[in-house]
Amino acid sequence: VNHCSLFLRVYNDLESQDAVFADVAPLLTSLLDGYNVCIMAYGQTGSGKTYTMLGPQLEGNLAFDIEEESELGIIPRATQEVFRLISEKPPGSYWVEVSVVEVYNNEIFDLLAKDSCGKVFGIKRDVVTTREGKSDVPLLTHETVENASEFLHLVYKGLQLRVTHPTLVHAHSSRSHLVVTLTITTVVFGDNFGTLWEDEQTSQRLNKEASFIFPQKMRDSKSTSSSRASSPVQLEATEKMKQVKTRLQLVDLAGSECVGMSGVTGAALRETSFINRSLSALADVLGAIAEQRAHVPYRNSKLTHLLQDSVGGDAKLLVMLCISPGQKYLTESMQSLGFGTRARQVQRGQVKKKNFPVPSKGK
């Protein structure tokens, strides 16, 4: 009870996926305001993280096409909401790419990578810090998606490779952290464009110009962009545009567990060790941010290094804490509540909205 008073909301076992997402949805508008967002599910093995993030599983496969959409989890719902928000913006001002990775035994695997025969095959990647201090995964597969259906198809394809291993706690236990990232690219116009949007013809011309910055999949014709580049006026317009990328990282963490409770040995024991270490590193990062330490140990784990831009800085983080109510899981539940308490202590102060000079749909 003392722990629960610290949290924003506590759901009972009768509340629906709809009720959970109603509290998540407002966070997604921040993506189009220029902020990175991270939504993660944390808890012990079998406590409901994958159900919360993805939805029900049937015979080990995620049932994205089930008739009862009310059972869908945060990841498919968040994607639908992102595309709904984008649909309210001018055509050509935003586009979306997706990547799907798992962090397994402190290694990053690209679940959308393909081998030379075109077959999907998880390829090991590494995470680096760029000169600008951002985290990046070189050669990571990014697929452009135009709607939630295309997105879910890619996620489902990636999930086929996700590592699972049975434990005494949960027969289909995920032994890796799943990180699904939506990268939203916004076409931002220079300050001099502020007065031009009053002219409807200029607005339409610049919207068309913006569309030629899109990935090839989003273009109607390969030759169009090169032919339009000959106009000095249009070249000047393009030069005054820049791209701003924001990330939505949706994370289904591997289950934390006591070794004695899980009953694993050998390779599975090694998996558990890596899982617990990475979750401990995540707790350390949140602790360092909460205490406003000069050094935040993002690089102590591939997981925290990968999530650096969506956890640190002025990014917005939401932790869905999943708790197993059984008395025999009391130790694990208290550990999870302790993690949630640490996350709740992170205070970033008042965040100011970042206003992008992107035209309104009305103009």
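Each residue, glycine too, has its Cβ placed from N, Cα and C.
Database features (TrEMBL):
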- 1-346: domain 'Kinesin motor' (DOMAIN)
- GLY43, GLN44, THR45, GLY46, SER47, GLY48, LYS49, THR50: ATP binding site (BINDING)
- 217-236: region 'Disordered' (REGION)
Local Cβ density at GLY46 (ATP binding site) - other Cβ atoms counted within 10 Å: 22
Number of other Cβ atoms within 10 Å of the Cβ of GLY43 (ATP binding site) across all protein chains: 27
LYS49 (ATP binding site), number of other Cβ atoms within 10 Å: 26
Mean predicted confidence [pLDDT] for the domain 'Kinesin motor' (1-346): 78
Tertiary neighbours of GLY48 (ATP binding site) (same chain, Cβ under 8 Å, six or more apart): ALA41, CYS322
